[in-house]
Amino acid sequence: MCFSPVLEINMQSESNVTVRDDIEDIDTNMYQPLSYPLSFQVSLTGFLMLEIVLGLGSNLTVLVLYCMKSNLISSVSNIITMNLHVLDVIICVGCIPLTIVILLLSLERNTALICCFHEACVSFASVSTAINVFAITLDRYDISVKPANRILTMGRAVMLMTSIWIFSFFSFLIPFIEVNFFSLQSGNAWENKTLLCVSTSEYYTELGMYYHLLVQIPIFFFTVIVMLITYTKILQALNIRIGTRFSTGQKKKARKKKTISLTTHETTDMSQSSGGRNVVFGVRTSVSVIIALRRAVKRHRERRERQKRVFKMSLLIISTFLLCWTPISVLNTTILCLGPSDLLVKLRLCFLVMAYGTTIFHPLLYAFTRQKFQKVLKSKMKKRVVSIVEADPMPNNAVIHNSWIDPKRNKKVTYEDSEIREKCLVPQVVTD
């Protein structure tokens, strides 16, 4: 009888403790902390959505125009470039949305599987982008330095692209191999190993968890070195050719000037001795020589413009790749040396947004700057405008004369021999 009140008190205290624990658990579940600050989430999500819209729209436009025009697909260079645009579409559809999901997740949830998929997508995007840019660099070198004896034939290009996709798929599987995802053991054995995601628990700091970083870093630096060497050789080859052509062109111009002076001197002598026929002959030869000189000057200017254009495009391609992928590669090296932390993981997400910017720059650098692609795009736009004008006719049978659509604008004006002779002789008759 003495122990009954004591037992009742103990039971009441235990019940109170359990009730308080349940209340605390409910409170913590109701107010879960976010993994990142709200401003950080909003800004990065906005940039990622912009990259999805612009990158997906521009890359799909390029692919549709390439597929609509059969002569664009026939070349090796365009096929290799199309491979890069297909990769950018995959990144816009699969990798960038998963990064947005990682940004918006909370800390307390079990996000091991999503983090693993995100790391796999980042590894895939990094490795495949570097390899595709490397392939395009080799193709540019092959065209510029060895145009007659090309190494990249159609069969070799297909083999190269197949090997690129196989290696990219293997880089996608590396994060799953690191966490023993495909092992026959229990499925919960790998869930506690978070992969570079901000978490309340400590990071898994063993080197075996970051083999995918060890793959990304050497491939990036190797691609950068190859790009620098290759584009310098391309510029050297163009300078040598243009320089030799300019020197020979200058010699030819000097010879032509001598011949012009001789012909003019001869024509003056002949004009003094003979009559009007020799005057007409001298004028005709001088006009032909002037036309030849104008053509030579035009070719000289075109070569100079081509040299400047190639130099600018080479600088833009190299600087864009370095600007987008160098920060995240350097940060991956820092993570391998110092280990992961919350600050480094947040910086990595910021640099990943910069790296995804190549999905916007690749169509601008590799497709819209090509003259053949520009011609196809202009022709499609003209046909579209013509179809719109024909679909909506003006009332009262009014005719619209559009100088952009009118084919007479591009019509070349030709003169007969008699007209040229009359135009050349008119000033002489007036002066006489």
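First residue shown is number 1, and so on along the chain.
Positions of Cβ are set from backbone N, Cα and C atoms, glycine also.
Now, the feature entries from Swiss-Prot:
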- 1-45: topological domain 'Cytoplasmic' (TOPO_DOM)
- 67-85: topological domain 'Extracellular' (TOPO_DOM)
- 107-115: topological domain 'Cytoplasmic' (TOPO_DOM)
- 137-156: topological domain 'Extracellular' (TOPO_DOM)
- 178-208: topological domain 'Cytoplasmic' (TOPO_DOM)
- 230-314: topological domain 'Extracellular' (TOPO_DOM)
- 336-348: topological domain 'Cytoplasmic' (TOPO_DOM)
- 370-432: topological domain 'Extracellular' (TOPO_DOM)
- 46-66: transmembrane segment (TRANSMEM)
- 86-106: transmembrane segment (TRANSMEM)
- 116-136: transmembrane segment (TRANSMEM)
- 157-177: transmembrane segment (TRANSMEM)
- 209-229: transmembrane segment (TRANSMEM)
- 315-335: transmembrane segment (TRANSMEM)
- 349-369: transmembrane segment (TRANSMEM)
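Long-range contacts of the topological domain 'Extracellular' (67-85) within the same chain, counting only residues at least 6 positions beyond its ends with a Cβ under 8 Å from a Cβ of the stretch, are 59, 129, 132-133, 135-136, 139-140, 143, 150, 152-154, 157-158, 160-161, 164, 362-363, 366-367, 372-373, 376, 380. Contact check: the transmembrane segment (46-66) against the transmembrane segment (157-177) gives fewer than three Cβ pairs closer than 8 Å, residues 6 or more apart, which falls short of the contact criterion. Helix, strand and coil residue tallies for the topological domain 'Extracellular' (67-85), in that order: 16 helix, 0 strand, 3 coil [DSSP]. The recorded stretches the transmembrane segment (315-335) and the transmembrane segment (157-177) do not share 3+ CB pairs below 8 A when only pairs 6 or more apart in sequence are counted, and are therefore not in contact. Tertiary proximity for the topological domain 'Extracellular' (137-156) is limited to same-chain residues at least six positions away from its ends with a CB under 8 Å from its CB atoms, namely 76-77, 79-80, 223, 226-227, 230-231, 233-234, 237-238, 310.
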